[in-house]
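Database features (Swiss-Prot):
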- 27-47: transmembrane segment (TRANSMEM)
- 98-118: transmembrane segment (TRANSMEM)
- 127-147: transmembrane segment (TRANSMEM)
- 248-268: transmembrane segment (TRANSMEM)
- 300-320: transmembrane segment (TRANSMEM)
- 336-356: transmembrane segment (TRANSMEM)
Amino acid sequence: MIIDTTEVQAINSFSRSESLKEAYGLIWLLVPIFTPVSGITIGVLVIVWLEREISAGIQQRIGPEYAGPLGILQALADGTKLLFKEDLLPSRGDTRLFSIGPSIAIISILLSYSVIPFGYRLVLADLSIGVFLWIAISSIAPIGLLMSGYGSNNKYSFSGGLRAAAQSISYEIPLTLCVLSISLLSNSLSTVDIVEAQSKYGFWGWNLWRQPIGFAVFLISSLAECERLPFDLPEAEEELVAGYQTEYSGIKFGLFYVASYLNLLVSSLFVTVLYLGGWNLSIPYIFIPELFEINKVSGVFGTTIGIFITLAKAYLFLFISITTRWTLPRMRMDQLLNLGWKFLLPISLGNLLLTTSSQLFSL
């Protein structure tokens, strides 16, 4: 029997090409997953380093300086240490709720990144209800905190969980009303459409100038949702030891630690998207019309410019929130609830009515 070697070679080359196609397909399937995860991880490490450096400057002391140049690897060293810590469980607590709580808190925050546009056509899910999806997802996180506090079987943990739930409900409503006002101005609930609506007039087209009252309410509500000083009542050290985190150690405690900074980064990015023009360069079009659309140039250059502009605006808000944490005293629980229900809620309602009236009269 005579075997045609050319046919065998053709079959082998075809099988190799098919296997290469499968390998490339698998790689391209994993790239959209690992790219946001790596970016978010690096972002959290940078935020932790910035907070330590800024707080050291405010308190006139030396910040982290040993782990890496300027102490930039200190957060990574602390995270590595937490990975090897023992994971303790409360003897009389509900271990299922105790273990599920941190996962619910961090997963709900991670899902919020799916609707954030980091650049022109650079968003994981451009949904028509993007901002409402973020509000719905973020409202799940306090459930995880309440489960953690209840499952710990500790009075301090349970009080912290109850405070977290009450605080979230109090400030979620004004925040939602501010988002509704922005949606009325943009005629859309999509985060991409909201950014595009602000790009018509450059710097002066930002919703910051069209909604100054809503911006102030959104800023305060975002800080309260992130449980940052002066709104860190759920984990007040002087009153509740560490709040709902009291019984946690090891990787579970690390998840709560990471979740707080992830939530802060999400809030900063949504301030950028809703009020600061998103990825747009925002140079006044009267003076330099060529640069006004520079970040919409297709390719790697335009994508890089859009990401850089978005992150630069977000880190400006981060600087404000970090400075606020290390300069203002903590509020009492009654003051916090009164601020949300008696002050921010009526203001946000009035802002929504004014926005609705102006939109109706402009028709």
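A Cβ is built for glycine as well, from the same backbone N, Cα and C atoms used for every other residue.
At the 8 Å Cβ cutoff, the transmembrane segment (300-320) and the transmembrane segment (127-147) share fewer than 3 close pairs (sequence separation 6 or more) and do not count as touching. If one looks beyond the transmembrane segment (336-356) by at least 6 residues along the same chain, the residues whose Cβ comes under 8 Å of a Cβ in the stretch are 166-167, 170-171, 173-175, 177-178, 180-181, 184-185, 211, 213-214, 217, 220-221, 224, 231, 233.
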